[in-house]
Amino acid sequence: MELSSASAILSHSSSAAQLLRPKLGFIDLLPRRAMIVSSPSSSLPRFLRMESQSQLRQSISCSASSSSSMALGRIGEVKRVTKETNVSVKINLDGTGVADSSSGIPFLDHMLDQLASHGLFDVHVRATGDVHIDDHHTNEDIALAIGTALLKALGERKGINRFGDFTAPLDEALIHVSLDLSGRPYLGYNLEIPTQRVGTYDTQLVEHFFQSLVNTSGMTLHIRQLAGENSHHIIEATFKAFARALRQATETDPRRGGTIPSSKGVLSRS
């Protein structure tokens, strides 16, 4: 009886163990290596896999190079030295609006700050000149250097918008600026500044500044006064509108895919 009972217990335990034992399917019996899903490239012949990996490395390298180039920004740097002035200018078109100007002409420094801040350009200007005579030569040579720096920073002008248009108010003053980075220098200037000076700055030098900048940058620039009575407001609104229009023109258009924005396929001074 005891042997019979023990046998029954063992038989019952064995049945219970079988019920509790996890059931293994066919997939559980396969080697672990066989369960790894092969990628498309792993099923390719060895020489094709090597070529695919090479293309991937090249793509990553090009992407890194492009990112590095964008990080550096489009920068133009110019040094102009004459018997009258010593001027250095550096402009980053892809900057953040850093203004760093010391021209020896306080009001002009204030206007260059507007160019940097509202254009989101990094503008570095250092100048010494014969300001003991007047501001004419320093004002002119700074503008010539800025125009040349813009020309260098733009390069072949691939992918840019090319055109810029902006109207800026400053209290009672309202100034409209329209420009084209065409490679053809032209200035249309229509400001009526009521006073001869703002501080020590001769207001006649505003037109001369933009004419000099146009000559070396090769841009077509139109400046129109729609309203304004205060000389400071008129001039400052002009620089703000110019900065915003230039920012618009120099920014890249992703739809262009890096092509030159001209039906001729080229934008140049010649």
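Glycine is no exception: its Cβ is also placed from the backbone N, Cα and C atoms.
Residues H137, H232, E236 are given by Swiss-Prot as Mn(2+) 1 binders; from H110, H124, that same site also lists H110. Residues H136, E140, H233 are recorded by Swiss-Prot as Mn(2+) 2 binders, and the candidate that the same record lists for that site, out of H176, H208, is H208. Note on S41, S63, S262: Swiss-Prot annotates N-acetylserine at S63; no matching annotation appears for the rest, which is not proof of its absence. With respect to T138 (substrate binding site), the closest of these binding-site residues in Cα terms is H208, chosen from H110, H208, E236. Close to E236 (Mn(2+) 1 binding site) in the fold, though at least 6 residues off in sequence, lie H110, M111, Q114, L170, A173, each with a CB less than 8 Å from its CB. Of all the binding-site residues listed (E84, D113, E140), E140 sits in the most crowded Cβ setting, with the most other Cβ atoms within 10 Å. Taking CA atoms as the reference points, I235 (substrate binding site) and E140 (Mn(2+) 2 binding site) are 16 Å apart.
Taking a C-beta cut-off of under 8 angstroms and a sequence separation of 6 or more, H136 (Mn(2+) 2 binding site) has the following same-chain neighbours: D202, L205, H208.
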